[in-house]
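According to Swiss-Prot, the feature ATP binding site maps to ASP6, VAL7, GLY8, ASN9, THR10, ASN11, CYS12, THR13, THR132. Feature annotation from Swiss-Prot assigns substrate binding site to GLY107, SER108, ASP109, ARG110, THR184; the stated evidence is sequence analysis. Here Swiss-Prot flags ASP109 as active site, proton acceptor, drawing on sequence analysis. The K(+) binding site feature in Swiss-Prot is assigned to ASP129; the stated evidence is sequence analysis.
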Amino acid sequence: MILVIDVGNTNCTVGVYEKQKLLKHWRMTTDRHRTSDELGMTVLNFFSYANLTPSDIQGIIISSVVPPIMHAMETMCVRYFNIRPLIVGPGIKTGLNVKVDNPREIGSDRIVNAVAASEEYGTPIIVVDFGTATTFCYIDELGAYQGGAIAPGIMISTEALYNRAAKLPRVDIAESNQIIGKSTVSSMQAGIFYGFVGQCEGIIAEMKKQSNSNPVVVATGGLARMITEKSSAVDILDPFLTLKGLELLYRRNKPTTEK
C-alpha cells in the first residue's frame, strides 16, 4: 500500500492506495502550525478507524502548496511510518513536457492534476480545479503542459465580499436555482454561484478558442460538483483526480522511494 497526501491551502487530503485502487481517503484542515506529532496522531486515528497500521504502508508521496508545513509533514512520515516521502517538485519524473516561462513557478497540485488527467482521459484536455484558488490548466494534443489561468476561489471571493462590504452578511456557499434573489442573502448566493458558473464557462470557451482545439474538460476540487452540475462546459467530474495523479507519480518514481 502507498500513502498519498495532497496539502492544499485549506485542506489536506490523505489517501491509501493498493494496486492502483483507492481504498480509503480522508480530509483534514491545513494548519501550518501543527507539529509532526499532531499530524501523526491525526493520520494514525484515520488508520485505526480503517483497521490499517503504519506497517501496511510501503511508500509515501506528498504534493504541497504550503511550504511552511512541509518540515512537519516529512518528519511525521519518518517518525510514524519509517519512510522518507517522495515530494512532488523539481527533479521528479512526471512525463509532462512543461512549456511555460518558469516551470518552477507552477504549483505541484497543477502538475499532479495534469499528469492524472492526461493519463486517464487523454489529450488535449483542460483541467479545472475548484480549490482555494480556481485554476484552469491546458494540456495540448501532444501532451505538453501549455499553462493556464488562476482566479480567486469561491470561498476567497465570498469572504472578500463579506469583509469589504460593511452591510453585507457572511453567507453559506450554496447552489442557487434563482438568479433574481428576493433577499440580501439569496441575492449574494445567486451572484456568487452564477458568477462562478459564468467564469468557468467563459474561461473554458476562451481557452478552446485561443488553443484552436476542442479539448475534454475535467473538473476536480471540493466545490466542483456544485458548479459543474449547472454548467455544460465540463465533461467529466473527477473528485479524486489529484490523488490519482499522486499514485501515478509514485509508480513512475518508485525505484527511488521504496521502503
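Every residue, even glycine, has its Cβ placed from backbone N, Cα and C.
In the three-state DSSP classification, ASP6 (ATP binding site) falls within a strand.
Within 10 Å of the C-beta of THR184 (substrate binding site) we count 12 further C-beta atoms, all protein chains included.
ASP6 (ATP binding site) has ASP109 nearby among the binding-site residues GLY107, ASP109, ARG110, ASP129, counting only those with a Cα within 10 angstroms of its own Cα. THR10 (ATP binding site) sits 15 Å from GLY107 (substrate binding site), taking the C-alpha atoms as the reference points. Packing around ARG110 (substrate binding site) is summarised by its Cβ count: 23 other Cβ atoms lie within 10 angstroms of its Cβ, all protein chains included. The record assigns ASP6, VAL7, GLY8, ASN9, THR10, ASN11, CYS12, THR13, THR132 to the ATP site; their largest pairwise CA distance measures 14 Å. Within 10 Å of the Cα of ASP109 (substrate binding site), the following binding-site residues from the list GLY8, CYS12, ASP129, THR132 place their own Cα: GLY8, ASP129.
Recorded residues GLY8 (ATP binding site) and SER108 (substrate binding site) have their alpha carbons 10 Å apart, per Cα-Cα distance. Geometry remark: THR184 (substrate binding site) versus THR132 (ATP binding site), CA distance 24 Å. Candidate binding-site residues: THR10, SER108, THR132. Fewest other C-beta atoms within 10 angstroms, THR10. With GLY107, SER108, ASP109, ARG110, THR184 listed as the residues that bind substrate, the site has a largest C-alpha separation of 39 Å.
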